[in-house]
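Database features (TrEMBL):
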TRANSMEM  22-39  transmembrane segment
TRANSMEM  51-68  transmembrane segment
TRANSMEM  89-115  transmembrane segment
TRANSMEM  127-148  transmembrane segment
TRANSMEM  169-188  transmembrane segment
TRANSMEM  200-224  transmembrane segment
TRANSMEM  236-256  transmembrane segment
TRANSMEM  262-281  transmembrane segment
TRANSMEM  288-310  transmembrane segment
């Protein structure tokens, strides 16, 4: 496997830059600190869980690197640069980074409004805020013919969804196998935000979760935000930064009693999967593989079989 260069390796001029090096090593240090806090603060079982998750993520990254061994990544990077030619990438990235903050604020405002409608409507505040600020507004401003766009032509979502080259499907087996780790005996009981009441029909819960979780998160974090961070900072700094931002966002809508310790727990348990899906996207630029991985996780979380000890989030 090629060595991991925390200074970059992404599709743009940010690779190898001073900003990329600072961002990469800072994110790596923060991730390491969170894992250590989680290991020291939790029981032996929780420590083994995090260690196994990170080992599984490392194995998945290795498999993705080998599937295929010689992927035409340079050509794909050139295609990504062409798709973003003329875009104000720094401004778009700043706007995208503000969207999670706006989502958290909107959720706080909408929750009492939806609760006034009835108990069954209250959980929908989470999905409404998420769809607006992680799906609709990002697409409105930076996707396709977005308001901040200054060039015409193909865009990133079309590149991500129109996958005609066979090598770009090589990561699908990893995407389908990775969620099975949650079925293992060591899987923890994780309560994530956005849990729908038990009286919701399974089909309705799946539909809401697919749109409000799977589609919104893959499009926002991978296709739109991570790709731009790669262009500015490089591949691994971008992936590691997303591995910090996503777990932090997962704390929205769930009771948090431990402050920084809760954040460390979220990063330690979710960061491993984010790194795996982030590298999957960066390696193959195939949104369907990442959607398959997240979609299976969502399905296992929503279907009331008790097989997987994770609720929807």
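Note that Cβ sites are derived from N, Cα and C of the backbone, with glycine treated the same way.
No curator has checked TrEMBL annotations; they are predicted automatically.
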Looking only at residues six or more beyond either end of the transmembrane segment (22-39), which have a C-beta under 8 A from one in the stretch?
6-8, 46-47, 50-51, 54, 233-234, 236-237, 240-241, 243-244, 260-261, 263-265, 267-269, 271
Stretch of maximal Cβ-Cβ contact with the transmembrane segment (262-281) [cut-off: under 8 Å; candidates 51-68, 89-115, 200-224, 236-256]:
236-256
